[in-house]
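Heads up, the thing below is written out as structure tokens.
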């Protein structure tokens, strides 16, 4: 091997950076070489041995489509923002120096696949009563060497739901060696929902009744997320009290005026509703009655007139006979 070949080998060995780092979804990652930028002629960046881009002193070209909006590439650095599950893999930058030396920088990135989204939404609220729907959704998970499908549990110690996950229905990403939610798996199949009710003045004897947990567990691993649902109700009750306090702090005249207006509007609404419900049939009935009465009146008048004429003629004839 020539001197230059040995030199390149030594530099590749000493300057190669290989780190296996785990990131969360939406994290930002920076992969940089420590070589002076003035010594670099051009750098080729790779993702799982596929070229991402070629960076030169003048420009950078060749971004792959999935990275266009989330990546910033230069001669010395590869910066990725808003990491996704599918971004996991091996990244490598091969810098060609102006003196012919090649410097390689490599980093293995693993984006956490086990993602639990646990939320609570108030469905019904009064001064003393609160009903919350708790929803747990698994957006992604990894088998981590397990040979059995994972299972999901949502609830408290005394109240829970159970769901086995058929991994065959998930979208499997071979490069990541993990299952990710998405086509063709229905979104609603990835979640469990449970409802719980709370009374504001009930004394809490067991805090576990307020803590809801969502577990995902398999053969050799498990992880979970917790949510205090009663705290959600407490926040809503406090907001309700604040609104009532603001209303009660208004001057009495304003309250009376508001009440009067409210009563008037309610009465008008009730009257309108009554009119809408009954005015049409009542008008038709009245019209029919009026027509019948009018006809009977006319007939009666005609009968009276005829009778009067007949009586007049009879009296006249009697007078002539006499």
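Placement of Cβ uses the backbone N, Cα and C atoms for every residue, glycine included.
Features as listed in Swiss-Prot:
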type: SIGNAL; residues: 1-20; note: signal peptide
type: CARBOHYD; residues: 36; note: N-linked glycosylation site
type: CARBOHYD; residues: 41; note: N-linked glycosylation site
type: CARBOHYD; residues: 72; note: N-linked glycosylation site
type: CARBOHYD; residues: 79; note: N-linked glycosylation site
type: CARBOHYD; residues: 108; note: N-linked glycosylation site
type: CARBOHYD; residues: 144; note: N-linked glycosylation site
type: CARBOHYD; residues: 220; note: N-linked glycosylation site
type: CARBOHYD; residues: 246; note: N-linked glycosylation site
type: TRANSMEM; residues: 287-307; note: transmembrane segment
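Rounded to the nearest whole angstrom, the C-alpha distance between residue 72 (N-linked glycosylation site) and residue 246 (N-linked glycosylation site) is 51. Among the glycosylation sites 36, 41, 79, 108, the residue whose Cα lies closest in space to that of residue 246 (N-linked glycosylation site) is 79.
All protein chains considered, the CB of residue 72 (N-linked glycosylation site) has 12 other CB atoms within 10 Å. Ranking the glycosylation sites 36, 79, 108 by other CB atoms within 10 A of the CB puts 36 at the bottom. Across the fold, the C-alpha of residue 41 (N-linked glycosylation site) and the C-alpha of residue 79 (N-linked glycosylation site) stand 20 Å from each other. Residue 108 (N-linked glycosylation site) sits 23 Å from residue 36 (N-linked glycosylation site), taking the C-alpha atoms as the reference points. Classification of residue 246 (N-linked glycosylation site) by DSSP places it within a helix.
Remark: of the glycosylation sites 41, 246, the most isolated position is 246 (fewest other Cβ atoms within 10 Å of its Cβ).
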